[in-house]
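Accompanying notes for the structure given below.
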Amino acid sequence: MWLRCLALALTLLMVSGIENNTKDVCVGNPGIPGTPGSHGLPGRDGRDGVKGDPGPPGPLGPPGGMPGHPGPNGMTGAPGVAGERGEKGEPGERGPPGLPASLDEELQTTLHDLRHQILQTMGVLSLHESLLVVGRKVFSSNAQSINFNDIQELCAGAGGQIAAPMSPEENEAVASIVKKYNTYAYLGLVESPDSGDFQYMDGAPVNYTNWYPGEPRGRGKEQCVEMYTDGQWNNKNCLQYRLAICEF
């Protein structure tokens with residue numbers, strides 16, 4: 001026992017560098033632990049830790065209350081592609097008969113006003129002698145001098161045809177236009193390629209003539225008819241420039 005104490009003392013002396021005043025130190029065995037002390041006071045709260053990651057979503061909750069009211073209508077969408085045409089339906093029932101035209105007051109009023117306007121227009125144009133009314137015919141000229149074929153196209157484009165007098169009254173009306181412009185005019189008659197006689201443009205035979213004495217002559221060469229300023233007729237080739245007079 002004393003040897004152990006001596007070794008410890010020498011070691012302590014060498015470490016501390018102290019040569020004298022050494023003390024004998026002896027370490028004993030650990031004693032029996034004492035009884036635990038009473039619990040101390042609670043410590044203070046620590047600092048807040050770092051925010052953790054979000055947790056997983058919770059389970060689906062139960063349905064809510066009653067559905068809300070429908071929202072307002074949205075904007076109209078673009079029209080879709082047209083579908084195929086359906087089958088033709090059955091004819092509908094026949095409607096009740098309408099009133100006779102003579103009893104339709106509105107129609108009669110419209111016709112009366114239209115007739116009045118037409119007569120007014122004709123009257124105004126007649127003052128300029130560019131339009132003359134004889135019976136159910138209307139003769140008109142635009143003062144142009146062109147060949148026979150061009151006159152045909154001009155009159156047809158206006159809805160009429162080359163003037164062709166069929167009575168002394170009609171011939172006098174056409175002659176008054178010829179006198180006004182002081183130039184000859186072609187009439188709506190042509191020589192038949194078969195008989196050589198003159199006929200109307202639709203092929204019907206002529207029922208009225210006012211030939212200049214000794215006319216017509218030059219069969220086969222002069223296949224059109226012109227009117228002099230005195231209203232008499234003469235056959236002529238169709239390539240001359242003559243006053244265009246149309247009838248409607």
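Positions of Cβ are set from backbone N, Cα and C atoms, glycine also.
Noted in Swiss-Prot for the protein shown:
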SIGNAL    1-17  signal peptide
CARBOHYD  Asn20  N-linked glycosylation site
REGION    29-103  region 'Disordered'
MOD_RES   Pro30  4-hydroxyproline
MOD_RES   Pro33  4-hydroxyproline
MOD_RES   Pro36  4-hydroxyproline
MOD_RES   Pro42  4-hydroxyproline
COMPBIAS  42-51  compositional bias 'Basic and acidic residues'
MOD_RES   Pro54  4-hydroxyproline
COMPBIAS  54-65  compositional bias 'Pro residues'
MOD_RES   Pro57  4-hydroxyproline
MOD_RES   Pro63  4-hydroxyproline
MOD_RES   Pro67  4-hydroxyproline
MOD_RES   Pro70  4-hydroxyproline
COMPBIAS  84-93  compositional bias 'Basic and acidic residues'
DOMAIN    132-248  domain 'C-type lectin'
CARBOHYD  Asn207  N-linked glycosylation site
BINDING   Glu215, Arg217, Asn234  Ca(2+) binding site
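The structure, with features from Swiss-Prot marked on it.
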residue : record                      : DSSP (3 states)
Pro42   : 4-hydroxyproline            : coil
Pro54   : 4-hydroxyproline            : coil
Pro63   : 4-hydroxyproline            : coil
Pro70   : 4-hydroxyproline            : coil
Asn207  : N-linked glycosylation site : coil
Glu215  : Ca(2+) binding site         : coil
Asn234  : Ca(2+) binding site         : strand
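You'll find the Cα of Pro42 (4-hydroxyproline) roughly 151 Å from the Cα of Glu215 (Ca(2+) binding site). Other than Glu215, Arg217, Asn234, the residues of this chain whose Cβ falls within 8 Å of the Cβ centroid of the Ca(2+) site are, in sequence order, Trp211, Tyr212, Gly214, Pro216, Gly218, Glu222, Trp233, Asn235. A distance of 92 Å separates the Cα atom of Asn234 (Ca(2+) binding site) from that of Pro70 (4-hydroxyproline). Taking a C-beta cut-off of under 8 angstroms and a sequence separation of 6 or more, Arg217 (Ca(2+) binding site) has the following same-chain neighbours: Asn235.
Cα to Cα, Glu215 (Ca(2+) binding site) and Asn207 (N-linked glycosylation site) are separated by 16 Å.
Considering only the recorded positions Pro57, Pro63, Asn207, the residue whose Cα is spatially closest to the Cα of Pro70 (4-hydroxyproline) is Pro63. With Pro63 (4-hydroxyproline) as the anchor, the candidate recorded positions are Pro54, Pro57, Asn207, and the one with the nearest CA is Pro57.
In the structure as shown, the Cβ atom of Glu215 (Ca(2+) binding site) sits within 10 Å of 16 other Cβ atoms. In the predicted model, the domain 'C-type lectin' (132-248) shows an average pLDDT of 95.
A sphere of 10 angstroms centred on the C-beta of Pro63 (4-hydroxyproline) encloses 6 other C-beta atoms.
Straight-line distance linking the Cα atoms of Asn207 (N-linked glycosylation site) and Pro57 (4-hydroxyproline), rounded to a whole number, equals 110 Å. The Cβ neighbour count for Pro57 (4-hydroxyproline), using a 10 Å radius and every protein chain shown, is 6.
Shown in sequence order, the list is empty: the chain has no residue 6+ apart in sequence with a C-beta less than 8 angstroms from the C-beta of Pro54 (4-hydroxyproline).
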